Amino acid sequence: MEGSWKGIPAVLVVLAGLAASGSSYQIIEGPKNATVVEGSEAHFNCTISQGWRLIMWTLNDVVVLSVTPTEPIITNDRFTSASYEEGGNSVSEMIIHDVKLQDAGRVKCSLQNSDRDASAFLSVQVMGELLIPRGNLIVTEDKPCNVTCHASGWIPLPDISWEIGVPVSHSSYYSGPDPNDLQSAVSVLTLTPQGNGTLTCLANMKGPNAHKSVAVNLTVVHPSWGSVDKAGASLPTWAIALLAVSLSLLLILIIVLIIIFCCCCVTGQEKKESSYQSEIRKSASVKTNETVETKVKSGSENKAYSPDEPRTTELASPAPESSESSVREQQRNRQPHQGPDHRWQRPAGSPQVSFIMASPRTVRNVTLV
């Protein structure tokens, strides 16, 4: 802005010097519309007949450059001029360096002391970023796969295409605005690869040198390598949910069956132990009775026997009445095991034996001599 204000006095001086002179010159051909990429140069030409004194260039109604027959009056370093002759006419060229997006608009060429002017329109394009998010790819042979290319920050949105440098059995792509960002474009390439190669994504805009590209390497592996899931290996969501529910129910059923089996085993074991203990008791009782009978018959004492529990032994007097009472008691105890015709009687003159059992497992015989 300071350069623009410094150039105004010079323009006023030139205009004052030319105000008194008449003009017979005119604009033969004005500038033409131009589309350039941001950061490049824009060129506009204005053809004027001989006899002109001052040419003014404006951008969006702001004077950015003035040209006299001898030299240009530069107020901004980004705007310069060039002059040359063509068919007896003068051509004035304005050059805009390092074009900015805000430079887009109307460009006008006008003459001093003339009611004629000519204008054109400057369009500025912006090339943004172009990328393939996943980078180099590893895919399965003969399995369809998708490759996505994103273009962001482009004005206007570019047209995206693909160069396929791999052997394929099928390929197709779709390009359009990104549904998640209307200021960006996206292209999805679907292909069935059969070998290794390179995929190139191209973004093009209308205008010179308005294109950009990005490439990735594609590596194909056989399904048996296991690097990529086999085709059809993935299941839909409903199938995965059903499988999860089925596995849960199966696990619960197995747990219930295990609990029932354990309960049955414990119950059976308790019954076996109860039956076994009952048999042991019966066997012990029978053995005790048999031992008692055997020892009573033998009438002798087991001297090697060591009793574990206290026991009481009573020695009866040699009185005949006590002996006969003891004999009758023994006969009553043995009566259920022997027939009625076999009775054991001790002679009247034999010693008498009397005993009391403190435990069914402990028997002690005492013989009196």
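Positions of Cβ are set from backbone N, Cα and C atoms, glycine also.
Feature annotations, courtesy of TrEMBL:
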type     : residues : note
COMPBIAS : 290-312  : compositional bias 'Basic and acidic residues'
COMPBIAS : 316-325  : compositional bias 'Low complexity'
DOMAIN   : 9-123    : domain 'Ig-like'
DOMAIN   : 135-217  : domain 'Ig-like'
REGION   : 276-354  : region 'Disordered'
SIGNAL   : 1-24     : signal peptide
TRANSMEM : 238-266  : transmembrane segment
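Confidence in the domain 'Ig-like' (135-217), given as mean pLDDT, stands at 90. Beyond its flanks by at least six residues, the transmembrane segment (238-266) meets no residue of its own chain at a Cβ-Cβ distance under 8 Å.
Residues of the domain 'Ig-like' (135-217) grouped by DSSP class, helix first, strand second and coil last, total 0 helix, 59 strand, 24 coil. When DSSP labels each residue, the domain 'Ig-like' (9-123) comes out as 13 helix, 58 strand, 44 coil, counted as helix, strand and coil in that order.
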